[in-house]
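In what follows, a single structure is set out as structure tokens and then discussed.
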Ligand SMILES: NC(=O)C1=CN([C@@H]2O[C@H](COP(=O)(O)OP(=O)(O)OC[C@H]3O[C@@H](n4cnc5c(N)ncnc54)[C@H](OP(=O)(O)O)[C@@H]3O)[C@@H](O)[C@H]2O)C=CC1
Ligand SMILES: O=C(O)CCC(=O)C(=O)O
Ligand SMILES: [Mg+2]
């Protein structure tokens with residue numbers, strides 16, 4: 001076995017899962033090394049990606065490799081085996097904070113130029129643009145997505161159901177969406193007949209043509225679509241919904257995906273900010289222009305820029321903001337104690353995680369008074385709003401879901417080769433004026449076009465044929481493996497979906513589907529099919545495009561398990577390798593805050609444990625490595641015992657936290673290795689480890705718990721100090737000594 005084939009890559013990322021890594025990875029490494037498997041870290045954190053983008057500004061000792069590019073290339077090789085933990089998909093305020101921190105640590109990376117003044121600043125902005133938003137996932141996800149709950153995890157959740165808030169028939173919570181002028185209404189889609197370079201261009205009212213994107217290579221058979229959001233219609237819609245929320249006496253909230261739709265959704269978010277605070281923006285237009293205030297960056301950035309003003313001028317604007325709050329409906333809050341609202345930053349409320357939590361918490365969100373209230377959930381685009389309303393209506397009719405009995409909804413998601421929204425980043429534009437935006441193929445034929453007005457948001461997406469074929473294959477294979485019905489969530493009335501349906505209908509007959517139940521239903525119909533089954537304890541497979549993949553793989557896990565972090569998230573790479581993602585949830589910034597303040601980390605690494613298992617299994621079968629297979633099997637047993645004994649982190653100081661949960665994983669894994677008889681070497685080696693860990697259980701727990709209850713200095717947030725953080729995350733000398741002696 002070559003070094004390459006016996007290697008697993010563990011991604012270095014941000015926030016809570018990065019903290020957990022400091023404690024977990026030494027344990028994992030000690031166990032796998034004993035079997036000749038190397039687990040190697042590659043840093044794709046926001047900070048790491050910033051440093052990699054500006055090598056010429058750093059001295060030799062500060063330079064880092066461009067690991068994302070390396071990993072992107074690795075996904076194309078059949079031996080790729082990558083464990084990917086969730087990373088930050090950064091908004092501009094997050095990026096700026098990371099830059100500031102790095103500068104403070106002595107890395108001379110340039111400031112982010114919000115409004116580039118010259119070519120040099122434009123070049124800097126272009127480099128940073130590659131780091132913003134969902135910049136990692138589209139590069140690594142070179143396969144489609146298979147997200148589901150492991151049987152042992154589902155059984156555990158049913159045995160220990162999490163708390164859910166009750167729903168009552170009179171709940172005033174609802175989804176509000178546009179009825180026209182949205183992406184859904186304007187979408188056009190074609191299947192490309194002949195390969196070639198296309199271009200996207202804007203034709204002004206005067207006939208002048210401006211190329212927005214050149215050399216857009218289209219493959220034969222791929223689906224390409226274009227749609228736009230009318231800004232005039234959006235602003236009128238927002239204003240109407242603000243009025244309506246006030247009348248209805250519910251909170252006002254907006255749920256977008258500013259990370260994955262990183263060009264369009266921050267702009268949409270900005271319209272929410274500038275319509276909600278219309279009077280403030282109008283009255284202070286000149287001052288805001290002078291301060292460079294951009295509503296897309298949210299109220300948080302606005303406040304930061306106001307802070308530069310002398311006290312009296314600042315107070316005048318703040319009074320205007322307070323007056324706006326008083327005349328508007330109450331806003332949903334991110335942190336009511338600190339006064340952080342839904343409109344502070346586009347990355348604080350992200351639809352995939354935020355909407356399921358509304359449903360889990362009785363259809364309510366936190367208000368400025370620190371209490372839960374009914375809420376208007378504004379999701380402008382009908383492509384992705386209507387099924388949430390259906391789920392809420394179901395709760396109003398039948399009450400809250402019961403995690404002790406509900407069935408499971410797994411997902412097969414189309415995302416390979418930058419499918420759908422992942423491919424939209426370099427094809428999304430704000431219309432530079434009134435005119436037409438059109439997609440023109442190599443022969444000069446117009447594939448699709450839209451009449452737009454200045455500021456309208458035009459979005460193009462590509463979905464290649466090979467990924468679609470692979471997605472259909474994966475759906476059939478999951479249906480065969482589970483016996484559960486597979487439902488393609490596709491809407492015949494949506495232009496893009498109509499093209500995809502034609503392909504699904506063409507590729508399904510390539511497979512043996514005898515005895516399988518397969519449906520094609522619109523999102524609302526699919527919900528109507530799925531929810532009664534779920535309530536009856538039956539399992540269903542959702543087969544969806546990229547955005548619905550994202551939304552549903554938080555929605556159902558959060559209802560079923562309380563969090564999506566416990567999911568298995570497998571990406572069989574098209575080139576034959578494996579990408580094993582952990583959970584479906586994000587980087588849990590709240591958890592880091594708690595760790596900094598109280599030395600308590602409640603991040604649950606179960607997703608990581610599961611991913612290590614499938615990664616080792618993949619490595620074992622691909623390279624015929626019996627030791628790796630044995631490690632996978634014994635880890636599976638350890639995970640089962642971990643769940644049986646309920647060793648997940650609790651939530652409060654004095655109880656077992658993330659670090660304590662890792663100790664139990666090590667103990668149970670060592671015990672399982674000691675108990676097996678297939679490999680005498682591993683048995684002997686781990687019998688000793690199991691005995692040492694077992695004998696020191698009380699002592700190790702005492703050392704781990706003694707480390708809690710006081711603030712922790714990590715020496716950085718985006719780019720923490722390795723030594724400081726490592727000390728904080730590995731506070732038990734007894735555990736460290738046993739683990740470090742294994743290899
Ligand atoms: N694949 C990726 O790379 C992804 C990245 N992200 C990024 O993550 C960041 C935060 O996203 P956000 O939408 O707030 O979602 P998060 O999933 O980070 O947080 C939502 C809540 O989920 C719970 N949670 C999530 N993971 C765990 C875990 N392992 N253990 C225990 N509880 C968990 C926590 O709930 P509680 O507080 O109730 O304990 C947490 O506060 C963003 O920057 C986003 O871009 C998001 C999704 C996927
Ligand atoms: O790519 C991203 O920004 C987030 C993706 C995500 O939320 C998911 O895959 O569940
Ligand atoms: Mg998600």
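Just so you know, glycine gets a Cβ as well, placed from its N, Cα and C.
The shown structure was predicted, so the numbers you read here are calculated from the model rather than taken from an experiment.
Binding of NADP(+) is attributed by TrEMBL to 84, 85, 86, 87, 88, 89, 586, 587, 591, 602, 603, 604, 651, and within the candidate set 137, 546, 696 the record adds 137 to that site. Cross-referencing 352, 361, 740 against the Mg(2+) binding annotation in TrEMBL, which names 550, 554, picks out 352. Residue 134 (substrate binding site) sits 23 Å from residue 604 (NADP(+) binding site), counting Cα to Cα. Counting every protein chain shown, 18 other Cβ atoms lie within 10 Å of the Cβ of residue 139 (substrate binding site). In the structure as shown, the Cβ atom of residue 86 (NADP(+) binding site) sits within 10 Å of 26 other Cβ atoms. Cβ neighbour count for residue 135 (substrate binding site): 21 (other Cβ atoms within 10 Å of its Cβ, all protein chains included). With a CB cut-off of under 6 A applied against ligand 1, the binding-site residues 84, 138, 139, 549, 587 are reduced to 587. For the substrate site, the Cβ centre of 134, 135, 136, 137, 138, 139, 140, 141 serves as reference, and the other residues of the chain with Cβ at most 8 Å from it are 422.
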